[in-house]
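Quick notes on the structure that follows.
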Amino acid sequence: MAEIAPLRVQLIAKTEFMAPPGVPWETDADGGEALTEFAGRACYQSWSKPNPKTATNAGYISHIIDVGHFSVLEHASVSFYISGISRSATHELIRHRHFSYSQLSQRYVPEHDSEVVVPPGFEDDPELVEIFTSAVDASRATYTELLKRLEAKFADQPNAVLRRKQARQAARAVLPNATETRIVVTGNYRAWRHFIAMRASEHADVEIRRLAIACLRELVTVAPAVFSDFVISTLADGSEVATSPLATEA
């Protein structure tokens, strides 16, 4: 029986900032938040912090977002390793073209023991889950049989790697959209804000909305000044959404 894969979002990289010598400026932040402030001040050479309301890093970034000077958010980035997400959801995820992706390859990785992601609409209904898992088991059995026959068909191919790849790329056609995949995603702060605004909305598919909420929780720990304007709330059906009055690029 297919194993269920839980969603997991792991922070694996974030921007480090190194202040250039000779610039008469200091800040109360570090990393990507410091870089964001530096980039903004570089536009106007406002190193002396003449405005008390923007003298702190948080105050400065809040002002930047409020006035829509989003380009300075593009310098800092965050990378996540995401697992427990379905192929169906990553087809939506990769539509965000300002992200960079590296995803598990079904041509090189055999999927006969792959886990699956239960669609949110099934989770609270044991009968639907049973129907779903039965269908998944049947498709995996078909995949395994096709893989075996295709490997035999391509047995004359002397390159073992190519032989296996040819078999897997054909057999994967019967795998369900619910098959778990794993993916590395890198994006700058502006791209992540746009993703959260679009996909943490109540109008988004529930699975990718859960991903957006999980990413937001990590992003707030990395750069609170950039992402803490998003507020997470719970809908009547128990699912979560995140909204911000400053998310104007959705």
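Note: Cβ is positioned from N, Cα and C throughout, glycine not excepted.
Among the candidates SER71, SER79, SER83, SER114, the residue that Swiss-Prot names alongside ARG95, HIS96, ARG97, GLN103, ASN188, TYR189, ARG190, HIS194 for the FAD site is SER71. ARG199 is the only one of ARG140, ARG149, ARG199 that Swiss-Prot places in the dUMP site (with GLU92, LEU93, ILE94, ARG95, GLN103, LEU104, SER105, GLN106, ARG107, ARG172). Counting only same-chain residues six or more apart in sequence, the Cβ atoms lying under 8 angstroms from the Cβ of GLU92 (dUMP binding site) belong to ARG199, ASP205, ILE208. Note on proximity: among SER71, GLN103, TYR189, HIS194, the binding-site residues of the record, the Cα nearest ILE94 (dUMP binding site) is that of GLN103. For the domain 'ThyX' (7-233), the model gives a mean pLDDT of 96. The DSSP breakdown of the motif 'ThyX motif' (95-105) into helical (H, G, I), extended (E, B) and coil residues amounts to 0 helix, 4 strand, 7 coil.
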